[in-house]
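Heads up: the structure comes next, in structure tokens.
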Amino acid sequence: MTALKTIRPIPEFPLQGILPKEETEAASYLKKYPNYDGRNTIIAILDTGVDPGAAGLQVTSDGKPKIVDIVDCSGSGDIPTTTVVKPTENDEGVPVITGLSGRKLHLSKDWKNPSGEYRLGIKRAYDLFPEDLQERIKAERLAEFQKKHFLLVAQVQDELAAFLKAHTTLTEEDQRTKADFNARLEVLKDAMKSFSDPGPVYDCVVFHDGNVWRVAVDAKENGDLEDAPLLTNYKTERQYATFSNQDKCNYSVNIYDDGNMVSIVVIAGSHGTHVAAITAANHPDEPALNGVAPGAQIVSIKIGDSRLGSIETHHALTRAVQVIIEDNCDLANMSYGEASSYPDIGRFVELIREEAVGRHGCIFVSSAGNAGPALSTAGSPGGTSSGIVSVGAFQSQAMQQAEYALFEPVPERPYTWSSRGPTLDGDIGVDIYAPGAAITSIPEYELSKFQRMNGTSMSSPNACGCISLILSGLKAEKKAYTPYRVHRALINASKDIQDQFRVGFLQVEKTFDHLLTYHAYEEQDVDYKIQIVERDNARGIYLREWEECNKAHTLTVKVEPKFMKDVDYNKPDINEKKLAFECRIALITTESWIRVPEFLFMNGALRQFEIKVDPTQLTAGLLHIAEIQAFDSSCPSRGPVFSIYVTVAKPVELTTQSYIKFDNVQFGPGHIERRLVRVPSGATHAEAVLRSSSGVNVPSMAAKFVLYAGQLIPQLRNDHTLRGYMVRLGKGSYAEAGAEEQSEVKRFAVHGDRTMEFCMAQYWDSPGAHSVTLEVTFHGIQISGASNGPRSVFINGGDHITRFNVSAPIRREEGLSPSISLDALRKTVRPSESVIKPLVRDRDSLPNSRLMYNLISTYPFKVETSGKEPVTVSPRFPSLNDLLYDSPLEMLLIVSDVNNKVVGYGDVYVKKFKLPKGEYSMRLQLRHESEETLEKLRHLPALLDFGLAKAQTLEVSGFWPDALVSKKTAFPSVLERGDTKAAFVVSSAEHPKGAKPGDFLVGEWKWGGAKVDGAPIASVVYAITPEQIPIKEETVELDEEIDAARQLAEQVRDAQIAWLKKSGSAYKTDKDKEAAAAAREELIAEMEAAGHGNHLPFMLAQLDVALALAEHADESHKDAKWKEVLTVADKIAGAIDQAELAQFFGLKQVTLHGKAEAEQKKVKKEKEETKNALIAALKARAVALVALKEDSDEAYNKLSQWSEGTGVTDWKSVGVYLERERKGGRLGLALQRVNSWLSEQGGGNRDVAGNIKSALGIRRDLLHELKWSVWEEYELSWDGIRLPKAPAGF
């Protein structure tokens, strides 16, 4: 073979960069201490769950099981197993039971089950599988299904062709047969169009073997459980199984509530496995692939809910804390998080801080977030909560080389997207940096061993693994530690990376040496609670708004030492530690514009002192950061024992009314520039132009840039007001290919008189130096009038015309074209039922066995639409929405149809459900330890927003008199600066279907021009007025003599008929039914004797009674009851002159006037009532004949003459049609009619819920008769999903 010639030698792949350890000193630490590799530490991974089959996650470096427990805290894998059965034996002596799917389940004769009882459950695979696995399996199953389906289509086409060949001349019957073949083809075509794969449906069998509960899953869906894996709680035997070789999805189980609930634990995505592998993967055959701490053990805690696309939920987080404590975890990693409105509060945050960390000594590590680089983007819980080690993401050149395949190296620094502090209350936000990417293990279902992921989700587990190495060493050397000691050592021993916030890069060896060197100082086992009194007890000082940045502040600082197990007041050793504690502190500040006392004597009690912060001489428009450091004066080399962070984001004020420019700002890879601007009062939106500088020095390659524009609004999540954009600037960018100067224009909402940060950064992996100019123009349209809150207007539809004053306070505004578009109908719904119950202790108690309570409120609602398209429904709970980590309550909701089929799940974030017309129920779950708190929320209203197929518009006029007479006068298209013009909104007399007084229409007030990102200039809430009452036209009344006695007799008769009509179904007990039957018989006789025997309403009431009794009769009396229906129906039909009635409706009515017209209307009304009575009788006759299994063809034909067919909305008539077609062998037409009726029902309503079940059963029967087994199996699989035995659990 010819030698390979290359322009340079082929180097070895830089494995050290795929899971970085060199940069953190983890690699050198392990060379020095090879046995301090994480062994004897247990790490909880709070994430999507960890795949026990993934590469490197089987054993530790010292041979112990890698994963010691696997728990699904989300509840997404829960299966109620309250159905208890006993088996029978088949001919071979094999125990057999019928599963909830209807399959016969063959059990193993070798199973030990002393009680002989088995509990049953059922679960859809797609309720378990992660979304990307669902997509793969659905695609594979669809391809296989289509093969079988198209064979069926070909078969029907062949049968039709053969029939037509054999019948060259078609009789009327042949035409029906041909129509049936065509119906079969249409049914197959429509079925494939609406195909929705139900996926595998698993039966579960649970029993107690005398020692533990066991679970068997029918993963093969064939009912053969003789060789199925028998699993128990993973922690007990550490066993797991795989559903199938196709999905490669591993699962384990846990059993709760004495066998009444099984949790099938399946990961919600690959994220958690990747995180666990970074932390602690162990590859004995190739150690270079190891995670940071290969000797550590793992507890997999799934907090990502598969039902919600893997987002975390309140109750999952609360349960996770309990698992951390019960499994004695030394560390916990949480690479999850969200924005929050409030820092450092909320149930989960408090449980972690006070219980997991403060009482049980677990070191909790969490990602800071990926929303950077703008200020205050650190997420909860990692970046906003005390007691948690918050980790940002850093990239090194080794990572660039091994993971990113860059053209050229770029400077080592934090990733551009890594979130930054400070927190909303002034704390640092990020404690340390660690490597923020890795190539490592992912779940087996991905059909790949390794994958690169990046994010603070990766830096956090890297840091957690590093801390595991440190703890492993401390344990080996028998050195006691606390989370407080380790947390402070990590910060003080970190490497200086010239970060703007002075956050360092984690160093393992230096931190370990620091802890050993200063181990004797017990004062390190204390945390310090900092409160700035004048700043609402904030943990730091964060000045951002104009007034506070332009005056000096004298502030009171409270410092309170916090001891481990501080909440255990009854333990004398805690009090002894408090009594003995003493620390003589020296205070220094890193900047001269802050003054602090020189010393502070600390003991076990709270101390306070004053500081002075004077930002008045600081440069406006820039960020200024300082730190007040507290040193132990007896050992200052230890580093600060606590720090108070001071951040001044001092805004510059515009020199013009509406415009500011930042010219030729210089950038390199990863460089960040911030500019702080005071937004003019009255501004509502801004236009930013980001422009690359032109000239000879324009780089030859374009670079990626990010621009963030953000403001902070008190008690509002920053993601509501932060706008982020990525653009490409430089020669050859997509904006203007080939141009020297590139520009991007962005428009976004702003809030007047508040500081806005413009954060610009050249993306970390974009090489080259660039010069960029930012120009910002502010605009404002102020609307005064009826206000419904900030940037919101309220219009009372009953006002006819509503006046608003519109002004332009910032600058001349052009191109105005106001319009109000209302795109949703908002209804307020109160719960129909609210129940409070205590939760099961073995899963849902708080630490210290505190009991949790559960409030479930049910909200019924109806979707109304004139078409078949689904309606978007968005449930809202304004007092609960958007509060996750900062909420004291736990929330989850489920939306179901009338047959309890789940149509969707929701949480604190407003979610849109697409629902066909029908009746639904929404169940809201709220959890809290206080029953009294939940009691106050039992009547909490829900807001339901129903999307409109077509938005309703309101006319905006510029002139009141013209608006009054519906003359269109446009609002002026130009507003000069300082001008105020009147705008008149005309209410609408028409409202969408289903709208009622008390409802609202919601939308926005648009003003024309280019789209603005973020909140609209004004949202609109429009109150719906009562419907228009039709104006009564003048009519001529017939002169009729009033007979009071006759009127009384008729009213008595009608009341008797009303009771008779409902007497067949109104009574439930046997005793009441017997009494009603006797009273009914007596009443009928009495009314016939009174001469009412041929009164149609009287006969129709008897027909209703007969039908009700027949439908609910037991088998022994059914035939007799249906014959009674025939008798009454024939009596009604016989009492009507059908020929005369037909002649009346066959003649065209001549238009008359005066009394003749009134007489004509009276006659027509009577004839309509007679016709309806005849149709009811003929329909009842046809239904009775079908029930009696007699020939119904003639009855059906007669009914069709009067009702023009059977109508798809009347299930009884559909039943007659189906019997006729099935009898004639026309199964395609029958199936087509069933499908049509089901489609018409949409989501169904309570009146037809039972009929829907019947229709679904008939559809299965028809598919069976047609021998379309592939579609029959499809329907059977959907049965347990469409018609569950009970409402879904939370």
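Every residue gets a Cβ built from N, Cα and C, even glycine.
Database features, via TrEMBL:
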ACT_SITE  Asp47  active site, charge relay system
ACT_SITE  His271  active site, charge relay system
ACT_SITE  Ser457  active site, charge relay system
COILED    1031-1058  coiled coil
DOMAIN    38-499  domain 'Peptidase S8/S53'
DOMAIN    527-648  domain 'Tripeptidyl-peptidase II first Ig-like'
DOMAIN    667-766  domain 'Tripeptidyl-peptidase II galactose-binding'
DOMAIN    812-987  domain 'Tripeptidyl peptidase II second Ig-like'
Between the active-site residues Asp47, His271, Ser457, where is the Cβ count within 10 Å the lowest? His271
Cα distance (Å, whole number) from His271 (active site, charge relay system) to Asp47 (active site, charge relay system): 7
Can you tell me the mean pLDDT for the coiled coil (1031-1058)? 72
Are there three or more C-beta pairs under 8 angstroms joining the domain 'Tripeptidyl-peptidase II first Ig-like' (527-648) and the domain 'Tripeptidyl peptidase II second Ig-like' (812-987), sequence spacing 6 or more? no
Provide, as an integer number of angstrom, the distance between the C-alpha atoms of His271 (active site, charge relay system) and Ser457 (active site, charge relay system). 8
When the domain 'Tripeptidyl-peptidase II first Ig-like' (527-648) is classified with DSSP, how many of its residues are helical, how many are strand and how many are coil? 19 helix, 60 strand, 43 coil
Over the span of the domain 'Tripeptidyl-peptidase II galactose-binding' (667-766), count residues by DSSP class, listing helix, strand and coil in order. 3 helix, 47 strand, 50 coil
